[in-house]
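Visitor: Let me give you the structure first, and then I'll get to my questions.
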C-alpha cells in the first residue's frame, strides 16, 4: 500500500501510450520511387497496346499480308527473349537501377526507329532495340490502355503519318524515366548480395516507415542471402553461391526435388498465362471485333479502348484483393472465369461466322465475352503470375529462376502472336478460342494440383532441401505447401 501511495502522476497515461503506439507515417519517398519504377511497366504496356491499332494502319499503308503482320506483332517477343535470357545476369552485374536506365535508353532508340520506319524491313529493326525492356516488369494495364487511346487519338491523321506518331511518341516518356531513375536508390537486396550492407542499410532507412522496420528488413535479407546475423560491417564477404556462379547448375543440372518442383511451378504458370490467348486478344482486338461484325475502324478502336479500360479497372481491383483473398483462390477464380468467357466467345464467333444475317445478340455476346475475358484475366492470372514467379524462388535463385519463367512467357507469347491470324483462318476464329478454352482448362488443373500456396513475403521464402531442411523452398509461417494442396 505504501508503494502504491508513493506513485505520482496520472497512472493511465503511460499505460495508454504503451498499449497504443502511434502508427508511423507512410514513407512518401518509397511511394514515389515505386511510382517511378512502375513507369517501366507503363512503357512496356504502351508498346504492346499501341501495336494493336497501329497494325491496322501499317498493314494498309505498307500493303503487307496477314503473315507479315503476324511476324511483326510476334517479333517483339522473339527479340525480347534475348533480353530475358541475359537480364538475370545483367541485373546482378550492374544492379536493378542501371538496368532500368539501360532499358529506357534502348526503348528510346527503338521507338524512334519504328516511328521513322520507311518500309517493312526497317520496321522490323525497331523492336530489336526494345528487346531488353521485356524482362524488367510485366505488362502494365494502364500502359496498354494508353496505347489503345493513342490508336484512337491519332487515327484521324493521314495514313502514312498516324501509325508513325503512335509508335514514335513512346520515346518521350523513356527520357523522363531514365533521368528520374538516376535519383532512385539501388535495390537493397542487390546491395546485400554484393556485400554492401552499409549502403543497403542507408537505402532501407530512407524507404522504410521506421528505423525498426529497416533493421528487420535488413536482417531478413541477410538471412535469405546466407550472411550470418553477426556480420554488421559496411562491407562483408558474401557466400560464393549468392553471387550466382552455381545457380544455373542448382536450377537445371542438379536440382533437389523441391527446387525442381519450384521450377516446374514457375515455368508452368508462365506457360499457361500466355497459351490461354491473352496476347491474341490484346494485339488483335480490332481484328476480333471485325470478325464479330463491327465494320467501322473507329468503332473497332473504341471497342479496343473499352478493353483497355476494363483491364485497368480490374488490375486495380486485383491489388486490393490480392492479400485479402489470397493468391491461390484469386488465381483459380480468375482461370475459372477465363474458361467460361473463352467458351462463350468461341460460341458467339462461331454463330456469327455461320450466319447469313447480322445477329445483334451474338455480336453483343462476343463483345461482352472479350470484356469478361480480359477482366477475369486481369484480376488474377495476369498480375499473380508475375508476383508468384518472383516470390516462389529463394533469393539466391530468384534472378535466374524468374528469367527462365519470363523466357518461357515470351516464347509462348511470340508463338501465339505470330500464328493467331493463320491459326484462326485454319480452324476458324471460333475454333481458335475453343482451343484457348481447352488450354485454360488444362491450366486450371495444373494450378489446382501442382502450384503451392504463397503468402507473399519474399524473405520468408527460405531455402530447404527435399526433406524440408536446407536447400529448396518453404515458408516460415508454414503456409507454403508443395505437391497436391489441401486448404489450411
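Using N, Cα and C of the backbone, Cβ positions are placed for all residues, glycine too.
As the structure is a computational prediction, the values presented were derived from the model and not from experiment.
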Visitor: Labelled transmembrane segment by TrEMBL, one stretch among 328-352, 453-477. Can you tell me which?
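Guide: That would be 328-352, per the transmembrane segment entry in TrEMBL.
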Visitor: Given the transmembrane segment (29-57), which of the listed stretches 100-122, 165-184, 301-322, 328-352, 427-451 has the most Cβ pairs that are under 8 Å apart from it?
Guide: 165-184
Visitor: Going along the chain, which residues at least six beyond the ends of the transmembrane segment (427-451) come within the CB cut-off of under 8 Å?
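Guide: The answer is 261, 264-265, 268-269, 272-273, 275-277, 280, 288, 291, 328, 331-332, 335-336, 338-339, 342-343, 345-351, 353, 388, 420, 483-485.
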